[in-house]
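Per TrEMBL, the features are:
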type     : residues       : note
SIGNAL   : 1-23           : signal peptide
ACT_SITE : Ser167         : active site, nucleophile
ACT_SITE : Asp193         : active site, charge relay system
BINDING  : Arg207, Asp212 : Ca(2+) binding site
ACT_SITE : His278         : active site, charge relay system
DOMAIN   : 351-485        : domain 'PLAT'
Amino acid sequence: MESPPCVSIFLVLCVFIQSSTHGQSLGLEPVGRSRAVETKEALQETKTRFLLFEDETDKGCQIRLNHPDTLQRCGFNSSLPLVMIIHGWSVDRFLENWIWQMVAALKSGLAQPVNVGLADWLSLAYRHYTVAVRNARLVGQEVAALIQWLEESAQFSRSNVHLIGYSLGAHVSGFAGSYIGGKQKIGRITALDAAGPLFEGSSPSDRLSPDDANFVDAIHTFTREHMGLSVGIKQPIAHYDFYPNGGYFQPGCHLLELYKHITKHGLNAIGQTFKCSHERSVHLFIDSLLHASQPSTAYQCGDMASFSQGLCLGCKRGRCNTLGYHIRQQRQGKSKRLFLATRAQSPFRVYHYQLKIQFINHLEKPVEPTFTMTFHGTKEENQKITITLDEEITSNKTYSFLITLDVDIGELTMIKFKWENGAVWTNVWNTVQTIIPWSRRPLHSGLVVKTIKVKAGETQQRMTFCSENMDGLQLHPTQEKTFVRCDVNSKKLKRKIR
């Protein structure tokens, strides 16, 4: 379903309005890191509050730079990794609910315990957007200073730091990685729909980039452009850039879903609806913690159009990876763009299948039929899936497209394929049946579906399905055929389907 332009226009307008009321232009202020920054010796106090959480219900204990006693009081364990959450721009000076959800997931959903922290920079984020963007550099500097201090006072390694930045917080993470200096880098940075305005198209030194940590991964969920801007950055900024559902807009976030949001969020429903796609990046990451046994797999692809045809479900040579916390951390050359489909709610995982169907059209005219398919597997049967081809079926041609299932049906064993009844085609078909002398030998008429080839993305299994009844290959309107696993190399089968 198309997203309503007003959702992203509303958010983009916020940026323009905030900037204009402050008397500034969006393009005048540099966002770079060229200004001289204070050394960690000069930075005695920070405007950013650093909180540490001992359990999932804790509201945070403040760690103060150059106060070693606060580390002990807050329960910092230097033998464990540090995962630090960094929020983004604020329009109401309140920490958003997703922060506590992520803290709880990190504290309860991991086999290996970690220190969980939060960089609370609300006092600097609750500003006009352009001011908050400039402040992001300062916050990055303060995060870097904290990590350096932990190295010196607690013998803690920066390689054990994982920064998780949402929106503008993603670039804060990048600035921290740049400012920290030295030969060693921060271990990992995860960008959750990194902010687009004032960062899109900028040089790597002026935004988050793969150079800012040993490993950088990014999830892009709201990159649809309006008025020349997109809320989330579109360009690759990491070693692995994930684009769920193409990254433009997310399922379940349409304005028509407002009623559902009201039942869940009450008076906050309108705000939740407007930022739904942007914040989806956060919930996809949380989902990877809560459902670690059901990871969402993404596949390297050139663009969403190719992915939608099922052309990119390969995993050879590192071409697929797991979205979220448990990503396989590999650095192989330039940034990789990965695509996947998701559900509209948690658990977000779907199962990807490429279908290649070979049609032969024995009708006189091209057809644009609608089909339904039902998958039967070793675990269960899936509901009917509607398929509408983007082009007419004219002659002997193979069509490829992507099918996703919400449930794991196990190994695919049978496919039921039906040409759905349409009023126009029913009339045409009735006319054909009246004219053609059916009492004579069977004529080649209708569509012939020779084979259905399937590739399962999650298992990488390839299968071929042939019609259960090889004596009648023609498919007519309203007719359903059953396809079963077959061996296309069989000589007997080859003769049947010619």
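Placement of Cβ uses the backbone N, Cα and C atoms for every residue, glycine included.
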Can you give me the same-chain residues 6 or more apart in sequence from Asp193 (active site, charge relay system) with a CB-CB distance under 8 Å?
Tyr166, Ser167, Ala170, Ile219, His220, Thr221, Phe222, Val231, Gly232, Ile233, His278, Glu279, Arg280, Ser281, Val282
I'm checking region-level scores; what's the whole-number mean pLDDT for the domain 'PLAT' (351-485)?
81
Enter the number of other CB atoms within 10 angstroms of the CB of Asp212 (Ca(2+) binding site).
27
Three-state composition of the domain 'PLAT' (351-485), taking helix and strand from DSSP:
13 helix, 67 strand, 55 coil
